[in-house]
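Asker: Residues or ranges marked as domain 'Beta/gamma crystallin 'Greek key'' in TrEMBL: 24-59, 63-105, 152-194.
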């Protein structure tokens with residue numbers, strides 16, 4: 001299944017997804033400050049509520065993950081890499097506990113994404129291969145409301161300079177960010193996920 005319910009024990013697993021050898025493990029606890037029952041997750045988990053009544057991330061032992069405050073990878077999101085996170089609520093601006101998480105596979109190679117000013121690939125468009133800290137300054141676009149990711153994994157931010165709410169996008173077409181639970185969201189900066197996810 002890719003995840004494991006534990007009582008504060010540790011283990012590692014080699015996971016294979018789309019032919020890639022990936023490793024990752026994030027541990028969640030029911031209570032703050034690493035207290036209560038724990039749940040180790042080693043790949044995607046669309047609904048954590050079946051395992052813990054509430055989930056607070058304790059730390060990422062290996063890999064990179066996106067955590068979401070709604071099931072099925074919806075709602076507010078936060079990028080987590082190796083480290084401990086004892087007070088994620090205030091740090092990430094999340095209003096609720098973690099309901100789902102997604103492991104981000106390591107990407108080797110080029111990064112390419114085409115961004116569009118309007119939904120359904122409308123308005124101005126620009127192809128990107130590098131980080132962009134402000135779409136208005138660089139491309140004279142007021143906002144980004146849809147995109148097509150050809151290569152790599154990216155984080156999109158609602159404000160310039162990689163600030164505000166974020167959204168994870170991987171290769172695929174994103175005609176409307178509303179479909180991902182980001183109603184009314186417009187993005188102003190984009191960053192490649194180049195962190196080592198080992």
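Even glycines carry a Cβ here, placed using N, Cα and C.
Tell me what's around each of these sites.
Answerer: Broken down by DSSP into helix, strand and coil, the domain 'Beta/gamma crystallin 'Greek key'' (24-59) contains 3 helix, 19 strand, 14 coil.
Remote same-chain partners of the domain 'Beta/gamma crystallin 'Greek key'' (152-194), defined as residues 6 or more beyond its termini with a Cβ less than 8 Å from a stretch Cβ, comprise 64, 66, 70, 73-79, 93, 102, 104-105, 107, 109-113, 115, 119-121, 128, 130-137, 143-146.
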Asker: Give me the DSSP three-state residue breakdown of the domain 'Beta/gamma crystallin 'Greek key'' (152-194), ordered helix, strand, coil.
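Answerer: Helix/strand/coil tally for the domain 'Beta/gamma crystallin 'Greek key'' (152-194): 4 helix, 21 strand, 18 coil.
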